[in-house]
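Each remark here refers to the structure printed beneath this line.
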Amino acid sequence: KVPEGQTHFLETFESDEIGKVWIKSKAKKDGVEESIAKYDGEWAVESSSDSVLEGDLGLVLKSKAKHHAISSKLEKKFDFAEGKPLVVQYEVKFQNALDCGGAYVKLLEDESNLNLEQFFDKTSFSIMFGPDKCGTENKFHFIVRFKNPVTGKVEEHHAKKSDFPGTVFSDSKTHLFTLILNPDNTFKMLIDNSEVNSGSLLNDLTPPINPPKEIVDANDKKPESWDEREKIPDETAVKPDDWDENEPKMIADHDAVKPGDWDESAPEMIPDPEAVKPDDWDEATDGEWEPPMIDNPKCSQGGCGKWTPPNIDNPKYKGKWTPPLIENPNYQGKWEPRKLPNPEFFEDKDPFKSLLPFSAVGLELWSMTENIYFDNFVIAQDPKLAELFAEDNWVAKSKLENEKADQKEENVSKDEKEDDQDEEDKEEPEEVKDEL
């Protein structure tokens, strides 16, 4: 149990009703065909398949190859300016192995015109967090949208790639996803209570939140006279008199001796003695039939045909002469365009407090796999609270799921052994059975 008033959002799906807390979007996606623009994917609150807890309900993405969008207002706005940590935690169970789709959440920016019925992909969010997969690429997103105080533009900043097992998308077990973002600008990302990524808002996002002080002058061009050559040919050098450019790179090895079993009288290729003229061969139209040629088997041991000595490197070979290279007295270095002061530059040494406040949580997803199960959402300012909440819910659920999976594997192994024994009994000789 979580003490009342200790969270900004808590959802355990105690009722199968949708519509009061969770609002389905009626919006249309921009820039796609009308036939697939609607967010018409079905949602339901129901138990997961093979549930280990009776009556345990969750929010389920029901449709395949459709756009889904659903969201809920927080109990109270989360404002980073208060200087308190943020913890976001929820459970996901991919009931069918995920091929391509996402299960991430968006923390929707606190705006006066925020309308959850019009929630769509362009709705402004503060943070996006959670798992995503397509083909062999597994992702665990942490994306921050930050407003440039100079220009007013909002830009996305992505955490580096997380290292985690792809089995979370295929093992049909409930997995716990946790984000902890601290006032000291550090963050941690966890799956099943194990850290898979961490870093700092200041140093570990791409692009960096704080832009560079200077930018390249795109209009600056390299002068035609700029000399980037570190070395140049020595124009005073002269080719040595004994340098013979006509000597070949390879020459015949005059010391080589023809092998004793080499037969120069035997041809390298012979007609295939096993070839047979096709039944439909018409010599009047196809000409005289001749068997195809094959390698002479007599040549496989020694050799056949005219013998020539092998080639070896020519010790006199020098190749085409070129003058040696010397330091270029006019070398000016590698040219680089000049830098200009960045008109969009700012430096926020404490970006945590400048993050966009949010007042709703949403799932805006597309998936080629249906029946993605979500449960036990918690958004709070106390990571310890989320940890204890997970102990009471996910840890217990995961333990039961693992025990059930182990028992299932044990039963399968037992059945396979019994099948093998049955096969052995069938193959037992009759005389042995008679003796028994």
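Every residue, even glycine, has its Cβ placed from backbone N, Cα and C.
Model, not experiment: these values are computed from the prediction.
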Recorded disulfide partner - CYS100, candidates CYS134, CYS299, source TrEMBL: CYS134
Secondary structure tally of the region 'Disordered' (202-282) (DSSP, helix then strand then coil): 0 helix, 16 strand, 65 coil
Under 8 Å by Cβ from CYS134 (disulfide bond), counting only residues of that chain that are 6 or more apart: ASP99, CYS100, GLY101
Packing count at CYS100 (disulfide bond) (other Cβ atoms within 10 Å of its Cβ): 14
